[in-house]
């Protein structure tokens, strides 16, 4: 936009360019938000990587790479879950991955939500991009479990099942974003909230609030981050130090595998529900926060910043996240994970590769296009048009006849002169 304005400034005669400065004004409300002009990329606008009026349409490959790698780790963790019982090494890998893969995903989600407010277009995007997929897939997972798995699970939007909890949590987190941007010290506040939730069994299971509250500090951390913080994590010395840190985490995980309950990493239960004193819950949750933050930094340190063949798949991670669970649950109901050869080292490697390949395929554009009706639905019929949209469309409609007026007015002017 700045280049086009400069081009007009360098034109010779001022009269042809007088109407031109008024042309960008109708697009001002859209461009005033630090983000791209196309509505489809409003999520990318929240990165704040480009200043307002700059080339914000360009996606940052780093974040797409990070989202893709994180969703691959999510799928690998899900396929390891039914196989890890007889392998201490696999259980150690499982614990290490679960210590940071969801925190990394949530930090990115918070970072992309930095510009969220109660503006009507952003609320619409929240409903169509988070709430509607949650309702559809929570219903689909419940019916799938009932019809295919033979369970007596009922459809309940207040009790997220399996991996749909993330959508419910993201909806709550984004709605509360203006509050965290308002308070003076949001990070210590949400840290206290997460620690308090870990010792509060009375919270219950509605909307999986334990996870919502215990993972909240990572979302708010993403809200507080700036592009330069990710630049610090990608420095060469951080990348070098992350290698021994990851190795040490694997060693600790191997030691802790037979001694520690892996449910701590889910942040789904309180300390009392895990059968330990309340003060143990505070210490364990605080220790896991520190561990997750350290390993998440190591993860970001090794995320490539250039474009690769998988970079474009980062835009389809929601599709891969929601669909791979149906496939994995189908395999579990069919008894495929009960095969003895899958619990051998080669079988575990095979299952890991298949899980990574599956979620990669589910993130591709053809799959996203098929399921767009459920993940990116167009629901103009459900919303009122706000005054900004009406004014913008009216300004565009008024601008078009004004541009065409010189050519359209000549025939009209010619008729009266002909009759005279």
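Keep in mind that glycine also has a Cβ here, set from the backbone N, Cα and C atoms.
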> Given the ranges 46-68, 69-91, 92-114, 184-206, which one is assigned the annotation transmembrane segment in TrEMBL?
Replying inline: 92-114
> Which residue range, 238-257, 378-397, 398-417, is the one TrEMBL calls transmembrane segment?
Replying inline: 238-257
> Where else in the chain does the transmembrane segment (238-257) make close Cβ contacts, counting only residues six or more beyond its ends and a cut-off under 8 Å?
Replying inline: 88-89, 91-93, 95-96, 99, 232, 291, 294-295, 297-298, 301-302
>> Could you check whether the transmembrane segment (126-148) and the transmembrane segment (308-329) come into contact, where contact means at least 3 Cβ pairs under 8 Å with the two residues of each pair 6 or more apart in sequence?
In response: yes
> Counting Cβ pairs under 8 Å to the transmembrane segment (277-301), which of 92-114, 160-176, 308-329, 349-367 comes out on top?
Replying inline: 92-114
> Over the domain 'Acyltransferase 3' (61-362), what is the model's mean pLDDT?
Replying inline: 94
